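Chemist: Quick one: the structure is below, and I'll ask about it shortly.
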Amino acid sequence: MSTNSANNFLDIDGSVLEGGGQILRMALCFSALTRTPVRIRNIRQGRKKPGLAAQHLAGVELLRDICQGRVHKAALGSTEIEFYPGHIGHGRFMGHVQTAGSVALLLQAALPIAIFSSGPITLDLRGGTNADMAPQVDFLTEIFRPNMERFGASFDFDLVRRGYFPKGGGHCVVEVKPVQSLRPINLTECGTINRFFGWSFVAGVLPVKIAHEMASGAKSILSKLSPSRVDVEVYKESMEMAPEGNCSGIILGCETNTGAILGGSALGEARKKSSQSGEEAAQEIRSAIEAGACVDRHVQDMMIILMALADGRSRIRTEPLTMHTKTAIYVTELMTKAKFNVIEENGRSVLIECNGIGLRNVNLLNNTASY
């Protein structure tokens, strides 16, 4: 990173570490929150198709609109953009991916900005709801959201329609109320398992038998971890909810007596036994439990920005850092005064500590309306 004095923006190399959409999303979030213009270059440089894909472009435009900013050079295939944030507003904003690109990633990018808005925000998001290489929207609502609520922020989620590969067409509406600040958290004691829960689904022409097989595969793993009940709902999506495309998937959760929520998920694949997809989702939970983690490997990178913004010292025990998490920490320390300390404990878990910057919502303070 360098500072361009002529244009007074931070210059960020988008090819480092994860080198994909994570750097872009994190940099734009902090740009909007700190009112710091940024130039991001070498965007997705090492990917098969470098530059902005439809999903990334939709995210850039959504964040631009929320913070009433300006963006230069943003187009499909662009490997460099300049982002000039304004004041974070409120109202209704649309993020529309013309493909099956993930609406979950749009929401993940927008949430940190929305909670520091000047008033309630409605996010109208369209694209893929259950997509490969991204969290399923159900994972965000059922696993990430309870973790986010520990910081004192949340969101309401209305799923209007599912959208699957290759056409997308999913639609969800998210309501976010702003907060004055985020409180620090301490998630270091995993405790004992209270329950397992989850959903196994099929859509389109796929038979519900597939969902039952995924659930059975998951239960075969989870039942060995604890005598606690394994409650996995099995269902076939209605044509009204999923009018196009065929898809199968499973989302699993584990709640402990200390309130930790761990998750695992998988999508069905044509060349893989359905039971194996269920087993793989359950193995993700098993890995977190055996590590003594309070935050699983898929949620850990989403916690970094919240820890950085919180007012005080946060600590979470989690699995070994993913590349997404390493990238999140890298960008956070580049763009804020937050400092992280990562302590490797036993080869299976790490403790992440962060002294947050205590960001205050000046946008809300400057708005005399009461929400």
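In case you wondered, yes, glycine gets a Cβ from its N, Cα and C as well.
Here's the feature list from TrEMBL:
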ACT_SITE  H324  active site, tele-AMP-histidine intermediate
BINDING   Q108  ATP binding site
DOMAIN    17-342  domain 'RNA 3'-terminal phosphate cyclase'
DOMAIN    189-289  domain 'RNA 3'-terminal phosphate cyclase insert'
Chemist: What is the number of other Cβ atoms found within 10 Å of the Cβ of H324 (active site, tele-AMP-histidine intermediate)?
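Modeler: Its Cβ shell of radius 10 Å holds 21 other Cβ atoms.
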Chemist: In DSSP terms, helix, strand or coil for Q108 (ATP binding site)?
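Modeler: DSSP assigns Q108 (ATP binding site) to helix.
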Chemist: Any idea what the Cα distance is from H324 (active site, tele-AMP-histidine intermediate) over to Q108 (ATP binding site), rounded to a whole Å?
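Modeler: Given the Cα positions, H324 (active site, tele-AMP-histidine intermediate) is 13 Å from Q108 (ATP binding site).
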Chemist: Across the domain 'RNA 3'-terminal phosphate cyclase' (17-342), what does the pLDDT come to on average, as a whole number?
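Modeler: Averaging the confidence scores along the domain 'RNA 3'-terminal phosphate cyclase' (17-342) gives 95.
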Chemist: For the residue listed as 'ATP binding site', which residues in the same chain are close in space, meaning a Cβ under 8 Å from its Cβ, but six or more apart along the sequence?
Modeler: R25, P135, L140, M302
Chemist: Three states by DSSP: which one describes H324 (active site, tele-AMP-histidine intermediate)?
Modeler: helix
